[in-house]
Amino acid sequence: MTWRPQYRSSKYRHVFGKPATKENCYDGVPITRSVHDNHLCTVNPRFIAVITECAGGGAFLVLSINHTGKVDPHHPKVSGHRGNVLDIKWNPFNDFCIASCSEDTTVKIWDIHEHGVLKNITVPRKELQGHSRRVGLIEWHPTAENIIFSTGYDYQVMVWKLDVPEQVIKNPVRSISVHSDVVLSMSFNTDGSRLATSCKDKKIRVIDPRTGTLLQETNCKSHKASKVLFLGNLKMLLSTGSSRWNHRQIALWDQEDLSQPSYSEDLDGSSGVLFPFYDPDTHMLYIAGKGDGNIRYYEISPEKPYVHYLTEYRSLLPQKGMGVMPKRGLDVCSCEIFRFYKLVTIKSLIEPLSMIVPRRSEAYQDDIYPMTAGNKPSMTADEWIGGLDKGPVMMSLRPGSKLDSYVELGSGKDPTDSMETQHSRSRPGLSLLIQERLDAKEGNARKVSPPTSNGQLDSTHCSPPKTENELRQMFYKQQEEIRRLKEHLNQKDVRIKQLELEIKNVRNSQANL
């Protein structure tokens, strides 16, 4: 058997979890006692919302993100549902808009004042009526504005369009009927062209969300899935669930072939649901168990063995649910790459937990903060319904960068695009060719001037940046391309060392024979 070195170079090997101090937690929050296996909490850079326990209907609490310390027990709530609230989600493109679903079979869209909830809110901006039984999950489309998905105990997944004049919407854009039991989780890929679901029948399904067509379905007896997650642009799915022997398990799947998992690992024998969280910018996967105090984290790679264990954060406080801060709300000055908000029911506490990369320098770290998805939609609801798919609009996390420095990521962008663009800096005219290819993907290709007599493109057509914003945008792109190339070279160096060791071992074994 060939010996393989266990060492693997990674800038995230020493990531550690830093819980907030008591004064920076949210104390005295009446967290719901519902046994529903949802996150029960949602966060954006302005507000934190959590489902609360209340009598006579359902309610959730919305607090300013800076409103830490003891929470007033009479703090106003959003309380317009007639049944228990089961899920809440902030609109990714509007920090003052939140959606909720409930046992009263409705989904409601609420507007929050910029100063927070000043008095009880009971009248929503929109009410979606279409489910015949309680609604357990909601999910916003990741790139299209005013599109939201809901699923309930009637086994239906419904697609809703919100930019209509009616206050009460009774007819969804589409109703997807491919499930035989309750849907337990939903996840979109990067451009929202695929929807993955896990179901109570323990199967994972990949669906075209626009047409409702079932594209893939698992039929694996060795893994019973409870939660599923798309892993960014890696064209892979990750699911958490249980094995044949009821051990908690994670499994990795090729999104084009769900016949057997590409990778699976048993974690422990506990019974709590495992919540997966994935950061596509750092390729880190976090696994948090309901009722556990610990959070495991891994690094995902596109090559075998795919999943690389890093370490584990341990705590004596068990979490009932988890909220996650979007990347644009992190503290980049302290090298924070992820932030959880743990719901600790036994102490009526919400505890922020920052995942930090230890760095000595206090300067902005370009290598751990690539361009990330921002809060601007890349298309309208009508464009998405009409058949258009676009990737998210990317932004820089560098302090002082303005909102107009956003960059739109074309749908289906290949990772090699960044490498080609990097080379285009040193080869006259090639940048125009790369731009032509990217524009063609979006359907707005422009004509390229023909080659000159020496076979080169006419470089006079490559116009330099005309404004400071364009120059800043090109600079951020270049920094990201350099980072990706360095990371690619580091992976190749490690692979070369592994192969050299294997060759040496084979030669030694042959010499001994």
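Using the three backbone atoms N, Cα and C, a Cβ is placed for every residue, glycine included.
Fair warning: this is a prediction, and the values are worked out from it, not measured in the lab.
Summarising the annotation, TrEMBL assigns domain 'DUF1899' to 5-69.
DSSP assignment over the repeat 'WD' (78-120) gives 0 helix, 22 strand, 21 coil. What TrEMBL lists as repeat 'WD' is 78-120 (among others).
According to TrEMBL, the repeat 'WD' annotation covers 128-170 (among others). Residues of the same chain lying 6 or more positions beyond the ends of the repeat 'WD' (128-170) and with a Cβ under 8 Å from any Cβ of it are 36, 38, 83, 86-89, 91-93, 99-109, 176-188, 190-192, 195, 197, 207, 209, 212, 373, 377-381, 383-385, 389-393.
Within the chain carrying the repeat 'WD' (176-217), a Cβ under 8 angstroms from the stretch's Cβ atoms is held by residues 37, 136-137, 139, 141-144, 149, 151, 153, 155-159, 224-230, 232-233, 237, 239, 241, 253, 255-258, 280, 384-385, 387, 389-392, 411-412, all 6 or more beyond its ends. Among the features that TrEMBL reports, repeat 'WD' is placed at 176-217 (among others).
Residues or ranges marked as region 'Disordered' in TrEMBL: 443-467.
Per TrEMBL, the feature compositional bias 'Polar residues' maps to 450-462.
Among the features that TrEMBL reports, coiled coil is placed at 482-509.
Here the repeat 'WD' (128-170) has, by DSSP, the following mix of helix, strand and coil residues: 0 helix, 22 strand, 21 coil. Residue counts of the domain 'DUF1899' (5-69) by helix, strand and coil are 3 helix, 24 strand, 38 coil (DSSP-based).
Sorting the repeat 'WD' (176-217) by DSSP state (H, G, I as helix; E, B as strand; all else coil) yields 0 helix, 20 strand, 22 coil.
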